[in-house]
Amino acid sequence: MTQAIRDLPRLPRRDATGHKGTYGKVLVVAGSRGMSGAAVLCGRAALRGGAGLVQVACPQNVQDVVAAAHPAYTTHGIRQHADGTFGDGAAEEVLALASAADAVVIGPGLGRAEPTVRFVLRLLEDLTAPVVLDADGLFAVSPFGDQFARRTVPLVLTPHPGEFARLTGKPVPATDAEREEQATAFADTFGGVMLLKGAGTVVTDGTRVYRNATGNPGMGTGGTGDVLAGGIAALIGQGLKAFDAAVLGAWVHGRAGDLGAEALGQTALTAPDLLDHLPAAFKELESHW
Ligand SMILES: NC(=O)C1=CN([C@@H]2O[C@H](COP(=O)(O)OP(=O)(O)OC[C@H]3O[C@@H](n4cnc5c(N)ncnc54)[C@H](O)[C@@H]3O)[C@@H](O)[C@H]2O)[C@@H](O)CC1
Ligand SMILES: Nc1ncnc2c1ncn2[C@@H]1O[C@H](COP(=O)(O)OP(=O)(O)O)[C@@H](O)[C@H]1O
Ligand SMILES: [Mg+2]
């Protein structure tokens, strides 16, 4: 194994008397017509990540498809525009759901139309639970401005290099050193957690910097990032601080990818295979309880 488990944040042990209320309620705000899979992968990852309860909020037109993809999360069909994206008034519906959430993921598969951007901005204004912002959620805040700096509610941004470039307005960082330097400067300025994905994912809060060594190029396949976002939210829901959840989430996600590649090879690996290998990756962490 490339990184010692003892050097990672500890996976919270599950108390003998714990119950689903103990392990966090995760709300996934994701999906639109044509991208229901992003919501499914994220919701399933939150379950695999150990969340006590997972709710998936998606536009009405994809609710049945999302619900049919897994029996263990609940789904909430939110009002929509004619094109199958979150509609006018959707933010109020989602905020009502989020009032009971311990962590919220916003972004996978939302789309990028102007009303969706406004929807995301409205959620970020009013949410009081920690947020993992990914994919089209990141698009909505790009380029990243002062209005998001020093938020009191924890915010974890999980861009891939293309999304990071959109956030910063600069070209994609060319070297590992540049990735680390730009990610750290970004996190320092906005006061949250930056997880810059790709080979050698960097996680930083502007002061601490973790470079992840698990994972492999087999993970360069659609939907693997949606799995990561759901997993991090689940760890926040179990009580980890945002930075620790991002570090442990990156490690276990990459480890699932490595176990998946051992079993299946890199070429044929798909995002659902990561979900299937998360149990073995988590068991490695549990062996250190
Ligand atoms: N089943 C589904 O419904 C899926 C939906 N997805 C959604 O599809 C939408 C578009 O997401 P995309 O990420 O494709 O869109 P983007 O246009 O943001 O990113 C794609 C581009 O980013 C750049 N990029 C990505 N990784 C890079 C790296 N490591 N180094 C350098 N450049 C890199 C590349 O130029 C790539 O073509 C999002 O809403 C996303 O959540 C995806 O998550 C895939 C699965
Ligand atoms: N060569 C690689 N080595 C390690 N991890 C990788 C590699 N390529 C991709 N990944 C991982 O796969 C995930 C891809 O996320 P993302 O680009 O958001 O995918 P999607 O949006 O399709 O879900 C990230 O966690 C990234 O770190
Ligand atoms: Mg992505």
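Each residue, glycine too, has its Cβ placed from N, Cα and C.
Listed in sequence order, ALA30, GLY31, PRO108, GLY109, ALA135, GLY223, ASP226 are the same-chain residues at least 6 apart in sequence whose CB falls under 8 Å from the CB of ALA38 ((6S)-NADPHX binding site). Secondary structure at ALA38 ((6S)-NADPHX binding site), taken from DSSP and collapsed to helix, strand or coil, is helix. What TrEMBL records for ALA38, GLY109, HIS160, ASP226 is (6S)-NADPHX binding site.
For LYS197 (AMP binding site), the same-chain residues 6+ apart in sequence whose C-beta sits under 8 angstroms from its C-beta are THR158, PRO159, HIS160, PRO161, GLY225, LEU228. According to TrEMBL, the feature AMP binding site maps to LYS197, GLY198, ALA199, GLY200, THR201, GLY225.
If you look up TrEMBL, you'll see 3-285 marked as domain 'YjeF C-terminal'.
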Inset, instruction - Would you list, in sequence order, the residues of this chain other than LYS197, GLY198, ALA199, GLY200, THR201, GLY225 that have their CB within 8 A of the centroid of the site's CB atoms, where the site is the one recorded for AMP? - result: HIS160, PRO161, LEU196, VAL202, ASN212, GLY215
Inset, instruction - Please report the DSSP secondary structure of ASP226 ((6S)-NADPHX binding site), reduced to three states. - result: helix
Inset, instruction - Around the Cβ of GLY200 (AMP binding site), how many other Cβ atoms lie within 10 Å? Please give the count over every shown protein chain. - result: 14
Legend entry - pLDDT averaged over every residue in the domain 'YjeF C-terminal' (3-285): 97
Legend entry - Spatial neighbours of GLY198 (AMP binding site) that are distant in sequence (at least 6 apart) but have CB under 8 A: HIS160, PRO161, ARG179
